[in-house]
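**Q** Pasting the relevant annotations from Swiss-Prot:
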- Asn52: N-linked glycosylation site (CARBOHYD)
- Asn58: N-linked glycosylation site (CARBOHYD)
- Asn83: N-linked glycosylation site (CARBOHYD)
- Asn512: N-linked glycosylation site (CARBOHYD)
- 22-42: transmembrane segment (TRANSMEM)
- 100-120: transmembrane segment (TRANSMEM)
- 137-157: transmembrane segment (TRANSMEM)
- 161-181: transmembrane segment (TRANSMEM)
- 191-211: transmembrane segment (TRANSMEM)
- 216-236: transmembrane segment (TRANSMEM)
- 297-317: transmembrane segment (TRANSMEM)
- 327-347: transmembrane segment (TRANSMEM)
- 357-377: transmembrane segment (TRANSMEM)
- 387-409: transmembrane segment (TRANSMEM)
- 424-444: transmembrane segment (TRANSMEM)
- 450-470: transmembrane segment (TRANSMEM)
Amino acid sequence: MEVEGALKLVGEMGVYQIYLSFLLAVLLQLYSATEAILITIVGVTPPYHWVNDSFVANGSQRNEYGGQLPAEGQHQYLVFDGNFTSIVSEWFLVGGAAYEVGVSSSVYFGGVLIGVICFGQLSDRFGRKPVYVTGLALEVTFAVMNALTPIFSMFLITRFLVGVMNGGMSLVAFVLLNECIGSSYWAIAGSLGSMCFAVGIAQFALIGYFIRSWRLLAVLVNVQGAGVLALSLCIPESPRWLYAQGRLHEAQESLVSLGRRNRKKFTSFTLRPRQKDSTHSANIITIYSNSILRHRTLVMMWVWFVCSLVYYGLTLSSGDLGGDIYLNLALSGLAELPAYPLCMYLINHKRVGRRRSLAGFLFLGGGSCLLIMLVPVKEGSGPLSVLNSQTLSLLGKLNISASFNIVYIYSSELYPTCVRNLGMGVCSMFSRIGGIIAPFIPALRSVHWALPFIVFGAAGVSAGLLSLFLPETLNVPLPETLGDLQVTSYRRLETNGELMLHRHEEPGAFTNGSSEEEEELDVMMESQSLL
């Protein structure tokens with residue numbers, strides 16, 4: 001038998017797989033979230049004022065970058081008035097140097113992009129577990145170095161390395177978990193990880209509220225990472241990866257170990273060798289030379305880019321909405337939680353589906369951001385304006401989180417099996433580019449306080465409009481080959497209990513109405529009518 005059949009014997013989601021889910025989808029995501037949004041707290045600018053030599057107070061910090069800062073007269077010293085420290089107060093990242101805070105976030109997301117590209121190939125060659133464990137160990141190491149570095153340039157370097165490890169390690173951990181459980185539980189595991197990432201944002205805000213030293217905070221959050229690393233040393237290698245490598249004996253041992261830990265009683269089984277795949281390998285030219293795939297890919301690249309840009313942009317802007325930064329950040333994370341069950345319900349509803357759900361959430365997310373510019377923010381206007389800004393920002397975060405969750409599922413259904421991984425990889429790359437740009441958007445407040453939200457809103461609405469040009473994939477068979485894209489698709493429509501053919505034509509599709517395709521559709525419809 002093959003791995004999928006063996007997993008049904010040993011348990012698709014038994015006691016031990018629940019433990020693996022808790023480790024890789026809960027604890028690990030709680031830790032990953034803290035590193036992903038670290039800069040939202042350690043990069044906050046405390047209140048400060050300038051003083052000159054004759055009015056220097058004890059404990060004030062000399063401005064070593066005075067030439068870059070807008071000082072007046074003989075002002076040579078900065079006094080930070082906040083009750084917390086950050087990289088801004090550590091290295092005087094104010095005035096002309098304020099942009100470097102955004103740079104520190106961008107280099108992190110640049111590292112994530114590199115990590116996603118490299119770690120996938122490394123795990124395919126050397127295995128899921130060793131690459132995941134090594135990546136997690138290096139991430140914890142680099143993160144501690146990041147907290148202890150004495151100079152800002154070294155802070156940027158270690159931040160980049162943390163991004164490489166976090167992005168790559170998280171991807172491999174996700175694959176490892178999915179390959180140890182039954183395929184029917186993949187969506188649940190993915191949604192669980194997304195929800196715990198959101199909780200991790202709120203958790204980081206809570207820790208930051210009590211620990212006001214940025215160095216101590218950056219060190220202590222890695223205690224959780226070290227704990228996950230210790231527990232990860234004893235997890236098994238992916239049986240699916242071992243099977244794909246032809247290491248049948250080791251794959252069988254891994255499956256038997258899962259069964260024992262699940263306390264399952266099962267008869268012995270033997271894995272048969274994997275059949276060679278005769279399909280040719282695809283490349284990026286395959287996608288862009290096909291008119292249908294090219295159309296879908298261009299739209300999805302923009303949608304992924306916007307989802308990442310707005311998601312991380314709103315998260316990083318949580319401190320710019322007034323009120324308590326820790327409360328804003330915690331609410332920004334918790335606001336995501338309702339998004340996941342809501343979008344899972346809507347995308348499977350026959351009257352809504354994938355396309356309308358994605359477009360609707362993007363419209364609502366973008367519209368919420370655009371409405372912020374209508375909220376009056378004037379001195380003495382009262383707390384209502386701040387409350388409205390916060391509420392609309394949280395509503396935007398909820399909707400864009402739902403869009404982000406949908407786009408993963410929707411994208412995988414738009415591509416044929418022969419190019420699915422490649423297509424998802426291209427879209428994911430543009431998502432990372434959105435993350436790299438996101439830290440710089442909040443800086444547009446210096447031009448106009450509402451400009452960042454106008455950018456987020458316009459991007460969200462434009463992505464929603466473009467997504468309407470994509471086909472619906474709910475209850476539509478997944479395409480296996482490029483040829484399947486040319487065949488008129490069918491969908492199960494519950495109208496008086498009968499099945500009806502739904503023509504689905506896209507720009508660039510070739511509908512030559514060949515008798516072969518019509519015969520194939522007739523056979524499929526007749527077979528379905530017997531159900």
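Each residue, glycine too, has its Cβ placed from N, Cα and C.
Please situate the listed features within the shown structure.
**A** Reduced to three states, the DSSP call for Asn83 (N-linked glycosylation site) is coil.
Sequence-distant neighbours of the transmembrane segment (191-211) (same chain, 6+ residues past either end, Cβ-Cβ under 8 Å): 21, 24-26, 29-34, 36-38, 40-41, 174, 217, 220-221, 315, 326-327, 329-337, 340, 344, 401, 404-405.
Within the chain, the transmembrane segment (297-317) has long-range Cβ neighbours (under 8 A, six or more residues past its boundaries) at 37, 39-40, 105, 109, 201, 287-288, 329, 332, 358, 362, 365-366, 369, 393, 396-397, 400-401, 403-404, 407, 411, 414, 423, 426-428, 430-435, 437-439, 441-442, 452-453, 455-456, 459-460, 462-463, 466-467, 469-470.
Under 8 Å from some Cβ of the transmembrane segment (327-347) lie the Cβ atoms of residues 33, 37, 40-41, 187, 191, 194-195, 198-206, 208, 314-315, 318-319, 321, 353-354, 357, 360-361, 390, 393-395, 397-399, 401-403, 405-406, 409-410, 474, all in the same chain and six or more residues away from its ends.
Remote same-chain partners of the transmembrane segment (357-377), defined as residues 6 or more beyond its termini with a Cβ less than 8 Å from a stretch Cβ, comprise 303, 306, 310, 314, 339, 343, 346-347, 385-386, 388-389, 392-393, 395-400, 402-403, 406-407, 410, 449-450, 453-454, 456-465, 467-468.
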**Q** Quick test of the contact rule: Cβ under 8 Å, at least six residues beyond the ends. What residues does that give for the transmembrane segment (216-236)?
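**A** Long-range Cβ neighbours of the transmembrane segment (216-236): 20, 23, 27-28, 30-31, 34-35, 38, 41-42, 129, 132-133, 136-137, 139-140, 143-144, 146-148, 176, 180, 204, 207-208, 254, 257-258.
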**Q** Report, as numbers and ranges, every residue of the chain located at least six residues beyond the transmembrane segment (387-409) whose Cβ falls under 8 Å of a Cβ in that stretch; write 'none' if there are none.
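**A** Counting only partners 6 or more residues beyond its ends, the transmembrane segment (387-409) has Cβ contacts under 8 Å with 187, 190-191, 194, 198, 300, 303-304, 307-308, 310-311, 314-315, 317-318, 321-323, 328, 331-332, 335-336, 338-340, 342-344, 347, 354, 357-358, 361-362, 364-366, 368-369, 371-372, 375, 377, 427, 453, 456-457, 460, 463.
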**Q** Who are the long-range neighbours of the transmembrane segment (424-444) in its own chain, taking Cβ under 8 Å and residues 6 or more past its ends?
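**A** For the transmembrane segment (424-444), the far contacts come to 39, 98-99, 101-106, 109-110, 112-113, 116-117, 120, 167, 284, 287, 297, 300-313, 316-317, 320, 407, 411-412, 415, 451-452, 455-456.
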**Q** Report, as numbers and ranges, which residues of the same chain sit near the transmembrane segment (161-181): CB under 8 Å and 6 or more residues beyond its ends.
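**A** Result: 7, 12-13, 17, 20-21, 24-25, 28-29, 32, 35-36, 107-116, 118-120, 122-123, 128-129, 131-132, 135-136, 138-139, 142-143, 146, 189-190, 193, 235-236, 238-241, 258, 432.
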**Q** State the non-local partners of the transmembrane segment (22-42) in its own chain: residues 6+ outside its ends, Cβ under 8 Å from one of its Cβ atoms.
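**A** 86-87, 101, 104-105, 108, 136, 139, 143, 162, 166, 170, 173-174, 176-177, 189, 192-194, 196-201, 203-205, 207-208, 214, 217-218, 221-222, 224-225, 227-228, 231-232, 235, 315-316, 318-319, 325-326, 329, 333, 439.
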**Q** What count of other C-beta atoms do you get within 10 angstroms of the C-beta of Asn83 (N-linked glycosylation site), across all chains shown?
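**A** Around the Cβ of Asn83 (N-linked glycosylation site), 8 other Cβ atoms lie within 10 Å.
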